[in-house]
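Right, one structure below, let's go through it.
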Amino acid sequence: HVITNHMSQVCVLTSRSPQLRQWLVKRGQSTVTVEAGASSTPAAATVPNAATNRIVGRWLLGCSGLVVGAVVLGGVTRLTESGLSMVDWHLVREMKPPQTQAEWEAEFSKYQQFPEFKIMNHDMTLPEFKFIFYMEWGHRMWGRLVGLAYILPTIYFWRKGYFTRSMKGKVLGLCGFVFFQGLLGWYMVKSGLEEKPESYDIPRVSQYRLSAHLGSALLLYCASLWTGLTLMLPAHKMAETKRLMQLRRFAKGTGGLVFLTALSGAFVAGLDAGLVYNSFPKMGERWVPDDLLAFSPTLKNFFENPTTVQFDHRILAISSLTAITGLYMFSRRMVLPRRAKIAISLLAAMAYGQVALGISTLLLYVPTPLAATHQSGSVALLSLAIWVLAELRKMPK
């Protein structure tokens with residue numbers, strides 16, 4: 001009776017006040033919406049699906065493309081000897097290059113206090129300095145672009161629920177690695193800015209730090225490319241035969257060899273070892289040069305003797321070519337999915353092209369365009385090796 005009485009009062013009130021009627025209607029709608037939202041939450045929780053995986057995969061492939069750009073730009077910066085033109089590091093302040101004549105002259109006077117200017121570039125003009133400054137500035141800005149391309153979409157996709165638990169760990173690792181890469185780049189540059197009174201050599205960055213900087217960039221690239229490809233390309237259903245397992249192992253070993261060859265190229269670049277024996281297949285008049293183990297202790301030769309570093313790079317390159325040729329021949333006698341066959345064929349073709357580029361770069365005394373193409377070729381070869389591994393991977397259980 002009381003409830004009926006209360007309802008009749010509400011009816012009287014709403015008939016007199018249209019605003020009250022609207023408020024009650026809206027309140028009823030919002031309650032329905034909240035209830036609907038609550039009931040649909042379990043359905044929304046299944047967000048990481050094939051469609052979102054493709055989106056995340058495309059993003060990671062885009063990021064890996066930006067990393068390639070950074071590697072190529074870094075190589076050109078090294079070849080044009082521009083890497084030591086910016087003598088300090090600021091995350092935000094250096095994003096704006098010098099604008100006025102006075103700012104340029106202040107920047108140039110800072111550069112003049114360091115060994116590279118004093119020993120190599122003491123007759124450099126301001127326009128020449130601007131060129132090497134912009135090369136290094138472009139490389140650093142590209143690095144910041146790479147950082148934003150990883151971090152901003154990570155935040156967006158995380159909030160949208162696009163990542164599985166394992167993917168969250170991978171993505172955090174990639175973002176952390178980008179930050180580490182930036183710090184490593186500055187640590188490398190610092191090694192070329194130090195005064196070395198005991199050395200009569202031209203100022204250059206440490207080949208150890210250069211190799212660490214390139215190696216970590218290649219690792220970041222490989223991890224991004226692999227994760228992107230495995231999200232976008234479904235694994236093939238293949239019978240787990242003994243031959244397939246052998247092929248998979250062979251492909252992994254070959255990929256490792258390609259990575260090692262690319263890393264040894266960083267030592268060649270760091271020591272200008274491409275300028276010591278500009279002949280092929282022999283080194284000068286001999287197959288094994290006299291000064292191969294000139295340094296003591298012997299181990300030092302492998303990292304600090306330009307002759308040994310070039311010899312190692314040749315051996316690793318020929319070994320990679322032989323392994324890729326073997327992989328191609330072995331795969332021809334097997335029934336493989338079409339995409340896997342295409343990937344292996346492209347890997348073999350690229351390997352021969354890369355060796356031809358390397359020999360040409362050596363015989364022509366390392367011209368910058370050819371050397372930069374050879375460096376880009378190493379990344380292309382590594383990419384194809386990763387594609388082959390993605391095509392041959394096991395079906396997830």
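Cβ coordinates come from backbone N, Cα and C, glycine included.
If you check TrEMBL, you get these features:
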- 59-79: transmembrane segment (TRANSMEM)
- 141-159: transmembrane segment (TRANSMEM)
- 171-189: transmembrane segment (TRANSMEM)
- 214-235: transmembrane segment (TRANSMEM)
- 256-277: transmembrane segment (TRANSMEM)
- 313-330: transmembrane segment (TRANSMEM)
- 342-366: transmembrane segment (TRANSMEM)
- 372-390: transmembrane segment (TRANSMEM)
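Touching of the transmembrane segment (59-79) and the transmembrane segment (313-330) is ruled out by the presence of fewer than three CB pairs under 8 A, sequence neighbours closer than 6 excluded.
Between the transmembrane segment (372-390) and the transmembrane segment (214-235), the number of CB pairs under 8 angstroms, six or more residues apart, is three or more, so the stretches are in contact. Ranked by the number of CB pairs under 8 Å to the transmembrane segment (171-189), the listed stretches 214-235, 256-277, 342-366 are led by 214-235. Beyond the transmembrane segment (256-277), the same-chain residues lying 6 or more positions past its ends with a Cβ under 8 Å from any Cβ of the stretch are 75, 78-79, 204-208, 210-211, 213-215, 218, 222, 283-284, 289, 303-304, 306-307, 309-310, 312-313, 316-317, 319-320, 323-324, 361-362, 365-366, 371, 375, 378-379, 381-382, 385. Listed by sequence, the residues of this chain that lie at least six past the ends of the transmembrane segment (214-235) yet keep a Cβ under 8 A from its Cβ atoms are 53-54, 56-61, 63-64, 67-68, 70-71, 74, 167, 170, 173-174, 177-178, 180-181, 184, 259, 262-263, 265-266, 339, 379, 382-383, 386-387, 389-391, 393-396.
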